[in-house]
Amino acid sequence: MASAKKLPLQERVPLARTAWKLADLAVLSLLLALLARRAATLLAGAAPSCTWCWLAALVCEAWFTVVWLLNVNGKWNPVRFDTHPERLAERIDELPAVDMFVTTADPKLEPPAVTVNTVLSLLALDYPAGKLACYISDDGCSPLTLFALREAAEFAKLWVPFCRKHGVSVRAPFVYFSSAGPERGGAAGGEFQRDWTAMKSEYEKLASRIENADEESLVRRGAGEFAKFVGADRRDHPTIIKVLRDSCREGDGTGVPSLVYISREKSPRHHHHFKAGAMNVLTRVSAVLTNAPVMLNVDCDMFANNPQVALHAMCLLLGFDDEVHSGFAQAPQKFYGALKDDPFGNQLEVIYEKLGFGIAGLQGMFYGGTGCFHRRKVIYGVPPEPTTDVQQPTRMRGSPSYKELQKMFGSSKELIESARGIISGEMFAAAASADLSSRIDAAKEVSSCSYEAGTSWGQEVGWVYGSMTEDILTGQRIHAAGWRSALLNTDPPAFLGGAPTGGPASLTQYKRWATGLLEIIISRNNPILQCISRRLELRQCLAYLVIDVWPLRAPFELCYALLGPYCLLANRSFLPKASEPGFLIPLALFLTYNVYNLAEYMECRLSARAWWNNHRMQRIVSCSAWLLAFLTVVLKTLGLSETVFEVTRKEQGQGAAPDGGGDDGADPGRFTFDSSPVFVPPTALTILAVVALAVGAWRAVAGAAAAGGGPGAGEFVCCGWLVLCSWPFVRGLAGGEGSYGIPWSVRIKAGLLVAAFVHLCTRN
């Protein structure tokens, strides 16, 4: 036992990056050379015919240089954390309890079958069952979700023992049974094959019951556990809490953890704060029921792919000499059955492997909203000890009084007492053993709409309100308090989920992220302010800005994209001519930057096609989702609009037809469209680039270009590259059928924008 304790549970391993650092500096040098050349040209008054074009280009290129510096800072010192769960074998009794949270919001966009598979994978983790409890937040207030979970609780009595008996590696049934059948030989293999066949049959029955369940018929019964759904509206209903399984009370020997369903109270008179509000209700309800010192949260489609993920996480939470180094442990988001070559640019593999490992070497990985193990006391706003942070609320220093706790956590005596135990720092408190059903009234009290009024919830305690990206904001608050975080990168991956397919779902996701990030930038939670007044380290602040500035990139990138078409239409130029020495700088920068990015994808074992798809999607996202997010937040700031949380459609498998494409021959990797405003700007930009190329080519052939000051090869390359990046929109305009074609409403709006721009370019 003594020797086992001496062996480290985790190791922090710095990763060599010398060649990449040289490449970073090479790109930076070219950017600075471009800025210097352009500034010198402007100061000398030598800009050909269109001074404002060169000035706009200078501003945009200066912005691109800042963005590059932010990225270099984030990538500069990568590390990985190696974990050793086998060294916990003799310390199983010392492991802390874990409360697991699963959130779902819409049974149509997030089918109950998807949620059920995630829940079953969590219930079957390799961890003491008495120290696990699973809570599901249903913001859709759907009897279908409750029915599916009730059925899953019964199936789990068969599934969990089967997984542990046979060492099943992937414990989400739909993944496990979609793979090849049993192949074990010998006597043991015969028993396994019989068990496998029987279990698959039981799962198919479960899936059939869930698929065939009808919400109206469930509510029409109006009895038993579905009585509370009679007359309930998803936006206006009382709290519904059902204990579907209590592992302490049901000592049936199956080893299935507790399972609790929660649909928090909703009222039109109260703001429910989207996912952040749901997470805070889960935190409070679990506090009065089981009060585990560690909490895991996952999205409803993010199943546990590694059954030892909780043990790996404990290696990080328990493996440092000082707990300040592991305020939370975040797993990278990876995807099951993802489409080949990432056609929609949302699998984020290179971002996690390059930027994620680099940020892990600073103050720690960002909180990503799913696949994260939290210390409950960190979520409660407790700072690491000792603290000299003058901005930290004084009531969180030392042992707060009952009145201070009441002001922070609310009036519930049960919640206050549970919080007192957590704040005292007891990491290895035994899991609650009382009957969970006896505490339902206390759980309903802390999940009411009005409970948070006058408390610190959503500000200093719990998930932070004020942004649609509550995950980034909450993680930033934790880092600003002085905590660090650790990257939980296991083999096989800890969790796997589903990446959206189709244009509408992908751009909706990016728009929601960008909206929330800009809300952070313009708020008092801006990372720059947190760096100045709190304990957010400077380089970590800059790392947060890498993603926080996503929506701010939109106007600069759109402006730069418009310069090429403008110059071709107005017979102007914003780049040096190919015959001039200065032309070599933008040419070298263009080639070096793209080769650099391609090399990153190659090193991450991805194809050149994956690089191109991601490069293309970044251009599309910038002028669509990021641009609309920017305008949405500007209108909200002016009081002219409100942000709306848009749920992304979840699919159980990635081979399903994309949005709106129900044909048997549908191509899930092909871009799809709908009439959303998000498609108008990129459609207009595509039409504009094609028109500009045609006009520029006609002028070149007819010899009508302005002498000396007209467009050159650089402007043609810019427009041509823009058309290539917008190729899905070219195909959509060229006559794609159904969801593969751009709707006429979008074409007309885009055409009007193009006509206005062309008129602006050609007027005297």
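Cβ coordinates come from backbone N, Cα and C, glycine included.
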Looking at 22-41, 542-561, 742-761, which one does TrEMBL call transmembrane segment?
742-761
Which one of 47-64, 713-730 shows up in TrEMBL as transmembrane segment?
713-730
Cβ pairs under 8 Å with the transmembrane segment (742-761): which stretch of 583-599, 620-639, 679-701, 713-730 has the most?
679-701
Find the shortest Cα-Cα separation between D471 (active site) and the binding-site residues D139, K275, D299, and name the residue that gives it.
K275
Which residues, given as numbers and ranges, are at least 6 beyond the ends of the transmembrane segment (583-599) yet have a Cβ under 8 Å from it?
23, 26-27, 30-31, 33-34, 37, 575-577, 608, 611, 615, 712-714, 717
Counting across all protein chains shown, how many other Cβ atoms sit within 10 Å of the Cβ of D471 (active site)?
24
